[in-house]
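Engineer: Sharing a structure with you now.
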Amino acid sequence: MGEAKKLFIKTYGCQMNVYDSERMAEALGGAGYVATDRADDADMILLNTCHIREKAAEKVYSELGRLKPLKAERPDLKIGVTGCVAQAEGEEIMRRQPLVDLVVGPQSYHRLPQMEARVAEGHKALDTDFPEEDKFETLQKRPRAARGPSAFLTVQEGCDKFCAFCVVPYTRGAEVSRPAARILSEARDLVSRGVREVTLLGQNVNAYHGAAPEGEGPWSLADLARGLAAIEGLERIRYTTSHPNDMADDLIQAHADCDKLMPYLHLPVQSGSDRILKAMNRKHTARQYLDLIARIRARRPDIMLSGDFIVGFPGETDEDFEQTLALIEAVNYGQAYSFKYSPRPGTPAAERAGHVDDAVATERLRRLQALLERQQKAVQQAMVGREVGVLFEKPGRMPGQIVGKSDYLHAVHVPGPQDLIGQVRRVRIVESTSNSLAGELI
Ligand code: SAH
Ligand code: SF4
Ligand code: F3S
């Protein structure tokens, strides 16, 4: 056998893409590739892309432009585009940028090795199908290498919600839940390789309803969390992203009595105005969201809340925007993401009237982010003096320091020995700095 070929993957977008990039690297590992973290010495470069906002999608074309000299220098270099831009734009990518050899959408990654073989023979390869077969089944085989203490695990993919602004139902396809038995076995394998925390991923992860291990079922996300909690050595379970309308009672209850389920919930609401929520097709009101938060907090008072917000959705008035600020005030978020509305081709909202002036949207985003930042800081500051669990992940920047994530997902650094990496320890928080917390081992 010749020398191993080198694979460089650049990942954009959400955590699901991070998970997919790992799976693709493994799938191509079987075709003789080893991962490299340098584009300039790779034999194949894959851009695993995101289509959620215009800026995200345009990044791909500028990155491809930057690869041009590299390809000119080394014509054998293979360049591929994967992910949601690949799904949304397909062949158009090769038209706009002829240096691209391979385009593959998220539901066809299990076909990558065959596609690579075609590309190696000098052909172009394109696959943006939504095939019947389960990509995860063939993508499942991971090499038995050790890995870091925290891992992503995709349990559900696709979305049937069709929010008026969103491309995900088109790029990821219909909502599909993986069978629980496969998830449990993947989790056991991860634990055997050093993983202590899994974050279950899905575009609507709390809508999970996969086949139960014993054939009865389906299992809900709460059932899955309890099933995973029974795995010895797995210490923490997280999940993201959830939709308010799928926040079932058994899941709320699991936050009260399943110790391994971490007290953190990413529950996007997008807007605090009922008029805008309706136009967005979110199918709930601001009041229903606030009532839900109250029910969750009644059972898990310390739960950390996180959200996503869009400003400048078509038709959003100053009053609608004030209602969003009021909702944020009422919830008190520990963490949040916020965006200016970006019209996406093919989505219902892209065709609508009521365009919000860019300067207005920019100013709204600034005010919203200032409020969220104040909340975030205050929530972080309130951790000082408290005792929390921390899963240590790596050495810190200072000598003799280790860093990890608290139960509430804050970065925490403490003075401590390296051999605690991979373990959960109790820590007393002593200081809140700009991006992290400082603590002491108890
Ligand atoms: N499935 C998740 C996340 C979807 S994408 C959910 O339902 O919440 C992540 C976030 O990107 C969304 O929550 C939304 O806030 C933002 N987003 C999606 N489409 C957008 C668009 N066209 N313009 C601006 N932000 C958008
Ligand atoms: Fe997009 Fe809405 Fe589905 Fe989330 S729930 S992925 S925002 S369509
Ligand atoms: Fe982006 Fe696709 Fe994720 S559009 S946010 S990479 S599902």
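Glycine is no exception: its Cβ is also placed from the backbone N, Cα and C atoms.
Heads up, here are the entries from TrEMBL:
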BINDING   CYS14, CYS50, CYS84  [4Fe-4S] cluster 1 binding site
BINDING   CYS159, CYS163, CYS166  [4Fe-4S] cluster 2 binding site
Engineer: Compute the C-alpha separation of CYS84 ([4Fe-4S] cluster 1 binding site) from CYS159 ([4Fe-4S] cluster 2 binding site), stating it in Å without decimals.
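Structural biologist: Approximately 13 Å lies between the Cα of CYS84 ([4Fe-4S] cluster 1 binding site) and that of CYS159 ([4Fe-4S] cluster 2 binding site).
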Engineer: Just the binding-site residues from CYS14, CYS84, CYS159 whose C-beta lies under 6 Å from any atom of ligand 2, please, or none if there are none.
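Structural biologist: What lies within reach of ligand 2, judged by Cβ under 6 Å, is CYS159.
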Engineer: I need the least crowded one of these binding-site residues (CYS84, CYS166), counting other C-beta atoms within 10 angstroms of each C-beta.
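Structural biologist: Among the binding-site residues CYS84, CYS166, the lowest count of other Cβ atoms within 10 Å belongs to CYS166.
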Engineer: Measuring Cβ to any atom of ligand 1 with a strict under-6 Å cutoff, which of the binding-site residues CYS50, CYS84, CYS166 qualify?
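Structural biologist: What lies within reach of ligand 1, judged by Cβ under 6 Å, is CYS166.
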Engineer: If you count Cβ atoms within 10 Å of the Cβ of CYS163 ([4Fe-4S] cluster 2 binding site), leaving out that atom itself, what do you get?
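Structural biologist: I count 21 other Cβ atoms within 10 Å of it.
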Engineer: Starting from the Cβ centroid of CYS159, CYS163, CYS166, which together make up the recorded [4Fe-4S] cluster 2 site, report each further residue of the same chain whose Cβ lies within 8 Å of that point, ordered by sequence.
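Structural biologist: Everything else in range on the chain: LYS161, PHE162, PHE165, VAL167, VAL168, PRO169, GLN203.
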Engineer: If you draw a 10 Å sphere around the Cβ of CYS14 ([4Fe-4S] cluster 1 binding site), how many other Cβ atoms fall inside it, taking every protein chain shown into account?
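Structural biologist: Counting Cβ neighbours of CYS14 ([4Fe-4S] cluster 1 binding site) within 10 Å gives 18.
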Engineer: Around the [4Fe-4S] cluster 1 site (CYS14, CYS50, CYS84), what further same-chain residues have their C-beta within 8 angstroms of the site's C-beta centre?
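Structural biologist: Going along the sequence, the neighbours appear as TYR12, GLY13, MET16, ASN17, THR49, HIS51, ILE52, ALA56, GLY83, THR171.
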Engineer: Measuring Cα to Cα, how many angstrom lie between CYS166 ([4Fe-4S] cluster 2 binding site) and CYS14 ([4Fe-4S] cluster 1 binding site)?
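Structural biologist: Between the alpha carbons of CYS166 ([4Fe-4S] cluster 2 binding site) and CYS14 ([4Fe-4S] cluster 1 binding site) there are 14 Å.
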Engineer: Of CYS84, CYS159, CYS166, listed as binding-site residues, which ones have a Cβ less than 6 Å away from ligand 3?
Structural biologist: CYS84
Engineer: Long-range neighbours only, meaning 6 or more apart in sequence with Cβ under 8 Å: which ones does CYS159 ([4Fe-4S] cluster 2 binding site) have?
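Structural biologist: For CYS159 ([4Fe-4S] cluster 2 binding site), the qualifying residues are CYS166, VAL168, PRO169, ARG172, ALA174, GLU175, GLN203, ASN204.
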Engineer: Compile a sequence-ordered list of residues in the same chain as CYS50 ([4Fe-4S] cluster 1 binding site), six or more apart from it, whose Cβ lies below 8 A from its Cβ; state 'none' when nothing qualifies.
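Structural biologist: Residues satisfying the criterion: TYR12, GLY13, CYS14, ASN17, ALA56, ALA57, GLY83, CYS84, VAL85.
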